[in-house]
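Visitor: Sequence annotations record features per position, and here TrEMBL assigns transmembrane segment to 50-72, 84-102, 122-144, 164-188, 232-249, 261-283, 295-316. Under the heading domain 'G-protein coupled receptors family 1 profile', TrEMBL lists 64-314.
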Amino acid sequence: MKVRIPPKESPNNGEDGIPICHHGDQENQTTLVTFILLGFSEYPDLQVPLFLLFLTIYSVTVLGNLGMIAIIRVNTKLRNTPMYFFLAHLSFVDFCYSTVVTPKLLENLILEDRTISFAGCIMQFFFACTFVVTETYMLAVMAYDRFVAVRNPLHYTVAMSPKLCSFLVGASYSWGLICSKTLTYFLLRLSFQGVNILNNFVCEHAAIVAVSHSDPYISQEIISVSATFNEISSLVIILMSYIFIFITVMKMPSTGGRRKAFSTCASHLTAIIIFHGTILFLYCVPNTKSSWLMVKVASVFYTVFIPMLNPLIYSLRNKDVKETVRKLISKNI
């Protein structure tokens, strides 16, 4: 399958007759610069199978996450429980993140034209970054929520008041927006020219700065500091919460109580291991040409698969969710 490259524009040409846009000329930059998402075009025989695979995954993701939100909304008991309040927002974030990335991926797999405008690429990066950072802290908030539930089950709903829950969720979204705005600002300070090929299926930071015609050092340092801070701070919250959970559980006199306490944390712990495990793996992959395929595969996992897995993990291991689904099915039959 060939990649169709659009004709080059003539205005604002550089030395080689190629349109060049600097950070001080943002209006022209959005119209003159074009990106091509290379994606998996080097495997033409896999385009249709990959399209069908990702379409199926995206359909399951949409149904799973919106279904989880609907289940929590229709069940009063779940709706008024802090854990499910956070789970509903996690499902919303997963749905949004998948919707930002997957439709463009599907389009590029089935069409020859893999181009994306400068504005479209920057917007995809902005929203993807927002939802990734938000999910990072949402999982940390849910770890703290599990700690409160295990440590003080009788006063759980009092300790995790609606006001506190709303604040924690709002803080996660707000910090996601702040990080995303900061990173996007420094991306917009870079210069790009003409048609640029991004060796990825998504407008990811490393792929974008790789085609920049100005020094990306500051932008790379900013995202490195931001990613390191977000990963370490969220993992510290998660680890501290689970250390205290473990200490509390081990002090319980009955084996049944311990088993019940651990089972309430199993789904969340599974989601954390998958999400942060993938991110840490990407940290360890060297930034070389030979590692791009590995980066793409790992990126597919956390952009496409994880949003699908989260509702499955929580629904398959949760009695309340499964019971609500049974009631809804029996009511409609």
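Placed from the backbone N, Cα and C atoms, the Cβ positions cover glycine too.
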Visitor: Does the chain bring the transmembrane segment (122-144) near the transmembrane segment (50-72), so that three or more CB pairs sit under 8 Å (pairs 6 or more apart in sequence)?
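Guide: The answer is no, given that the two segments have fewer than 3 Cβ pairs within the 8 Å cut-off.
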Visitor: Where does the mean pLDDT land for the domain 'G-protein coupled receptors family 1 profile' (64-314)?
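Guide: Computed over the domain 'G-protein coupled receptors family 1 profile' (64-314), the mean pLDDT is 91 on the 0 to 100 scale.
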Visitor: With CB pairs under 8 Å as the measure, which of the listed stretches 50-72, 84-102, 295-316 comes out on top against the transmembrane segment (164-188)?
Guide: 84-102
Visitor: Which residues of the same chain, at least 6 past either end of the transmembrane segment (84-102), have a Cβ under 8 Å from a Cβ in it?
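Guide: Non-local partners: 54, 57-58, 61-62, 64-66, 68-69, 72-73, 78, 124, 127-128, 131-132, 134-135, 138-139, 141-142, 145, 162, 165, 168-169, 172, 202, 303-304, 306-308, 310-311, 314, 320.
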Visitor: How about long-range neighbours of the transmembrane segment (295-316): same chain, 6 or more residues beyond its ends, C-beta under 8 Å?
Guide: 39-40, 54, 57-58, 60-61, 64-65, 67-68, 87, 90-91, 94-95, 97-98, 101-102, 105, 128, 200-202, 204, 206, 267, 270-271, 274-275, 278-279, 281-282, 285, 322, 325
